[in-house]
Amino acid sequence: MTTKYETVIGLEVHVQLNTNSKIFCGCSTEFGKEPNENTCPVCLGLPGTLPVLNKKVVDYAIMAGLALNCDIAEYSKFDRKNYFYPDLPKAYQISQFDLPVAENGEIEIETEAGIFNIGVTRVHLEEDAGKLIHEGSIDKSKGSLVDYNRTGVPLIEIVSEPDMRTPAQAKAYLTELKMIMEYLDISDCNMEEGSLRCDANVSLRPVGQEEFGIKAELKNMNSFSAVEKGLEYEVKRQQELLDEGKKVVQETRTWDESLNKTISMRGKEEAHDYRYFPEPDLVPLEIDEAWKEEMQKEIPELPREKYKRFISELGLPEYDAGVLTGDKDLAVFFEEVLSDYDDPKNLSNWMMGEFLRLLNENGHSPFESGVSPINLAKMLKLIDQDIISGKIAKEVFEKMYNSGRDPETIVEEEGLKQISDQDELENIVDAIIEDNPDAVEDVENGKERAIGFLVGQVMKETRGKANPGLVNQMLRDKLMN
Amino acid sequence: MNIYDLTIHELKEKIAAGELTPAEIKKAYAARINEVEDRVKSYITITDELAEEELADYENKKEGLLAGIPIAVKDNMSTDGIKTSCGSKMLENYKPPYDATVVEKLNEAGAVIMGKTNMDEFAMGSSTENSAFFDTHNPWNLNHAPGGSSGGSAAAVAAGECAAALGSDTGGSIRQPASYCGVVGLKPTYGMVSRYGLVAFASSLDQIGPITKDVEDSAILMNVIAGHDPKDSTSIEGKKEDYTEYLKEDVSGMKIGIPEEYFNLEFDEEVKASVLAAVEKLKEAGAEVETVHMIDASYALAAYYVIAPAEASSNLARYDGVRYGLRSEQAADISEMFTNTRLEGFGDEVKRRIMIGTYALSSGYYDAYYLKAQKVRTLIKDDFDRIFNDFDLIITPTAPSTAIELESKSDPLEMYHTDIFTVPINIAGVPAMSVPCGFDSSEMPIGLQLIGPHFGEGKIIQAAYTLEKLLNIKEKRAEL
């Protein structure tokens, strides 16, 4: 990329809240039910029905606002956003226009290029729409079917300031938002299922110019990699236009995953006039200090704080801290083990190595495996106390993972205890020395590496149970004096 | 007196005394409908089956306030499994899968629902001539309109086709037809009666209320339908009143304001004389009457015709042919289907208000129209509050004239003007009742409007009850 232009990116992120019931009626929000099973006269927008606000939804929005360092509105209201579409049963969406629940926040993100603060303009509440379904493909289908299960599922829309300068920053911001929502446990944040959705505004301006360039709005990026690829494509497209002396057109573009490019959807002229006005069926929302404080108490340590603490207090490398805090459950698991075990780095090695390998292989989340935090702590202590070797530990760990048994039982029942008794090893070591004269000669001629071979032979003979350090010492004593 | 001429409280007394059974009452009203309905045409749907079912359940509900009483319901209140058309082709065959809260309350109270009454399409109109189906005729003179939009309900009560009815009032739609038909109509304080299940016209103004043969019935029906509903966020939480406690013949010391700006408007002299004569009676009975000054009602009318259409344009957007109601067969794609469905399904007045409302909310015009109208609304509210700091009630005529002749007003603006006295009350959110106060030289009834402060229904009932006794005209019935 040339340095002639500066990229300006802002994101609008929709997060589906994971409340049990919908925002304005008692219907379930459960995903994957039969079409239109989770509906009632209210969410179907039947004539005469009225919305009643689900308080839990406001709780979650306040939590999100607080976690994004926003000011929480004392007085907030709902508005109607009017447009016709078959998936929108009232032909308006209840949303928030000029008085959102939260405003003026910011979060810290980190990329390879450094640490950045990204402003959060606002967090507002709204209801989700339904889904159109087509038999076969949209082109071949004879008609459209509508599933209103998703109608009225609560959403928050988080609008960022145009503070991002690279697609990598945008991806990092989105990742940070996702982690924060997961730590708050207010959303499943699954981009593929649509519980996290992201639109982007992208523009370029000459370096040093304060005024923003003409922006394109980018939609339909359905994964984290699509966000990065879509933005990269769009930056390149605009840059080429400007290099050719052409103008960027203000428009909405959609990311086409199969073509790997963005395509124009509609121009500025076709933009909707949503005719927002205050929703007369709902009373304004008043959020007092007590409510805010109550929600503040619900907010756990957030990923960025945890990341920093893991580095500063636990002495973990940045990479380890990043991986462990990148998944809330992994971080929680890690800290639960630490309450019974006090070597964070050793624990981190185990979690990032064996544990993550097995979790990924099995498609498990941390608390879904047979390994409990307390059992992992016990196992690590068995290693530290020389009761099992690191090598045996891997075997024990895999058994724990698959069976849920505790490590002491496994070691006991399967006779996996490390042999650290010199008398017990004496005969085996002697036999190995006798059977490997060439290696013994090498050792005696000062080739230290041959010791490793002999240790390996003892380990093999004891099926890994011999204490390798002790064997090493014994061989040195016998051959090198 | 005929059974169908009796009031709710009279019917209740006769049932209690064993002089009449609910079955006899129902039979008498059904016979009356049979006798006059082809001339009056109050009902869009006669729910005889439902009435029979409710009657059959009488023994379980005989303690209910309306046990065995025949009631009519305006066709914009949802009735489970029974057509709720709103007087529109759009919903000509629409049967809701649920009951409105008021309908549930009527059922619980043991009412026998006789039918769903005719109305201006989506409650937009002042004569019931905007019904997509047919005109309703004023029982006092069949060439005249019953008023609107609750014209079917008011005509049904006046014609003895039910003991009482429910109407809805957005800018006068209970009071104006009550006035035209010589019956009592109450628009309660906004939020006093649940709107859940009332098909919305203008959500911030709509309110359900009773249309009855006398003031006592109004109090009884209010006892049934008023109260907080968790399904309506705008319904008021608070202690429930017993409105029948206000049925006292006593206005001594009551302070009544007569707004000069309203009486100075140009309107029917006979109406003015009749209203002022009634005020004089109240004064003689001990009320303190004073002239007051208020914001000109024409500002309220202007604000109303921005706010109500704006909300309506949004409320009526759901009639798009996708899920229920009419769907145009003439459409190549979804956008054409939307357009043609609405083109075919809505009548002229509804289209006119949707267009006005859409315009008023459009970007670039919002501040000049909708926002300004909301500011005017605040001023009008404050104006009423100011008066009610010193006065118990305000009295005005209900309508500028007695019932207009059918097909006499083709200019919509002229029609809008018939709501000049009632619209400010909805804008302010306060309660008001139309009560008969006399007849003009053509023997058409005249209505007087009693306006109270927020939650002032009790005071209104007390003054109206007293006036009713003083005037002694409530026994008079339309001859059919």
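Placement of Cβ uses the backbone N, Cα and C atoms for every residue, glycine included.
Feature annotation from TrEMBL assigns domain 'Amidase' to B:27-459.
B:K74 (active site, charge relay system) falls within a strand segment according to DSSP. Neighbours of B:K74 (active site, charge relay system), defined as other CB atoms within 10 A of its CB across all chains, total 32. The active site, charge relay system annotation in TrEMBL covers B:K74 (among others).
Positions annotated as active site, charge relay system by TrEMBL: B:S149 (among others). Counting Cβ atoms from all protein chains shown, B:S149 (active site, charge relay system) has 34 others lying within 10 Å of its own Cβ.
Under a cutoff of 8 A between CB atoms, and with a sequence separation of 6+ in the same chain, the neighbours of B:S173 (active site, acyl-ester intermediate) are B:D120, B:A123, B:S126, B:G148, B:S149, B:S150, B:G167. In the three-state DSSP scheme, B:S173 (active site, acyl-ester intermediate) falls into the coil class. Look at TrEMBL and you will find B:S173 tagged as active site, acyl-ester intermediate.
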Secondary structure at B:S149 (active site, charge relay system), reduced by DSSP to three states: coil
Segment-level pLDDT (mean, integer) for the domain 'Amidase' (B:27-459): 97
